[in-house]
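According to TrEMBL, the protein has these features:
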type	residues	note
DOMAIN	23-81	domain 'V-ATPase proteolipid subunit C-like'
DOMAIN	106-165	domain 'V-ATPase proteolipid subunit C-like'
TRANSMEM	20-40	transmembrane segment
TRANSMEM	61-81	transmembrane segment
TRANSMEM	101-128	transmembrane segment
TRANSMEM	140-165	transmembrane segment
Amino acid sequence: MVDSSSWSRALVQISPYTFAAVGIAISIGVSVLGAAWGIYITGSSLIGAAIKAPRITSKNLISVIFCEAVAIYGVIVAIILQTKLESVPPSQVYAPESLRAGYAIFASGIIVGFANLLCGVCVGIIGSSCALSDAQNSSLFVKILVIEIFGSALGLFGVIVGIIMSAQATWPAKAA
């Protein structure tokens, strides 16, 4: 017998649509948080370093653009996950297939959201270093920019894993 207060009981009592909606919200919300955090880190260093070398302002905006791409990744995946939602008859809402679909969308949203959160912070820190280094020695800009591109690839890896996870979201077929 399952204890009425156990987590396993709670997980099967919550609608899979709730899990799916929370996953979609985490995908976009946490990705935007990562982008904002990265822009904050990069922007503050860029403004400070631009006092010493105003020439760095325009070319170092690429770091801010990389941070903004993190938010766009979250938006794209949220749209993809939204298209995975399907209506099922009330009798099928808690069917194992429905639960699996809801959990898959939830897991996908968490993976994408937190991968993009960490990617935004990573790109922000590297962008900050890029701005400060460029203010000191302009020959370092391209070298650090390459590292920043590798950092931004982390967000793409999260998107790819999220899309693979969302492929598991198949809802029960409607009765004809």
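Cβ atoms here come from the backbone N, Cα and C positions, even for glycine.
Those TrEMBL annotations? Automatic predictions, nothing curated.
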* Structure fact -> Tertiary contacts of the transmembrane segment (140-165), defined by C-beta under 8 angstroms and 6+ residue spacing from its ends, are 27, 34, 56, 59-60, 62-63, 66, 69-70, 73, 76-77, 80-81, 104, 107-109, 111-112, 114-116, 118-120, 122-123, 126-127, 129-130, 133-134
* Structure fact -> Lying 6 or more residues past either end of the transmembrane segment (101-128) yet within Cβ distance under 8 Å of it, the residues of that chain are 15-20, 22-31, 33-42, 44-46, 60, 63-64, 66-67, 70-71, 73-74, 77-78, 81, 84-86, 144, 147-148, 151-152, 154-155, 157-159, 161-163, 165-171
* Structure fact -> Here the mean pLDDT of the domain 'V-ATPase proteolipid subunit C-like' (106-165) is 94
* Determine how many residues of the domain 'V-ATPase proteolipid subunit C-like' (106-165) DSSP places in helix, in strand and in coil. => 59 helix, 0 strand, 1 coil
